[in-house]
Amino acid sequence: MPTATTDQKTTARTVLGRTCRIGADLIRAGAAISAIAAAFLSLEGVFRFTLLFLALLVPRLAGLRAPVDLLVCAVLTVAAWSSPANWYELAPWYDTLLHAVVPGVVAATLHLLLIRWRLLPPLKARELRTTSVPLLTTALGCTVALLWELYEWFGKDVLGAQIAAHYDDTIADMAAGFASSLAAGTALATWARHRGRVSQEQETSPLAG
């Protein structure tokens, strides 16, 4: 019975992984088409969607798990399309919501990538203090939020795009990015502790081995 249950879980994870990977690849294909189509519209559009496509390649080439790949692709694509599609006009809180989601997701993904590239220790490394993961993820997220604001300035003042960027908006966006990154780092640390606890329980279980 335990073997059958394990096989079912493995099959479900395989199907989920393949579905997520296909979804992420479709989003990447859409980003590539958008970059080509933007060539007929504006320089900023070409720059925006080319950056998007290149960014979406990173989790695929790095071999991150398919659900993470899909999440990053979806979040970054929504962010990239928000200005051209005028989604910021839908509600006054949409901009803050976007800046409260994207930096956190990207920061958590960057943290996992840096671990994979051996530039940061694993989440469950014994030498890490409890607060290390949230602090590192928050630092990454604040960097992402800063780069986003720099891009808005570049797109508006250099490329001539219609981007609503001003002081109050920048401060609010940076604060939202900080909060989302801290939340993402806390979630990563909690997940790592849970995985470590489950692994220990499995090792001490009578069914282990």
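Using the three backbone atoms N, Cα and C, a Cβ is placed for every residue, glycine included.
Lifted from TrEMBL, the feature list:
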- 31-58: transmembrane segment (TRANSMEM)
- 70-88: transmembrane segment (TRANSMEM)
- 100-119: transmembrane segment (TRANSMEM)
- 131-151: transmembrane segment (TRANSMEM)
- 171-192: transmembrane segment (TRANSMEM)
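Nonlocal intrachain contacts for the transmembrane segment (100-119), taken as residues 6+ away from its ends with a CB within less than 8 angstroms of a stretch CB, comprise 58-59, 62-64, 68, 71-72, 75-76, 79, 133, 136-138, 140-142, 144-145, 148, 176-181, 183-185, 187-188. Sequence-remote contacts of a segment are chain residues at least 6 beyond its ends whose Cβ falls under 8 Å from one of its Cβ atoms, and for the transmembrane segment (31-58) they are 24, 72-73, 76-77, 80-81, 83-84, 113, 155, 159-161. Within the chain carrying the transmembrane segment (131-151), a Cβ under 8 angstroms from the stretch's Cβ atoms is held by residues 99, 102-104, 106-108, 110-111, 114, 120, 123, 165, 170, 173-174, 176-178, 180-182, 184-186, 188-189, 192, all 6 or more beyond its ends.
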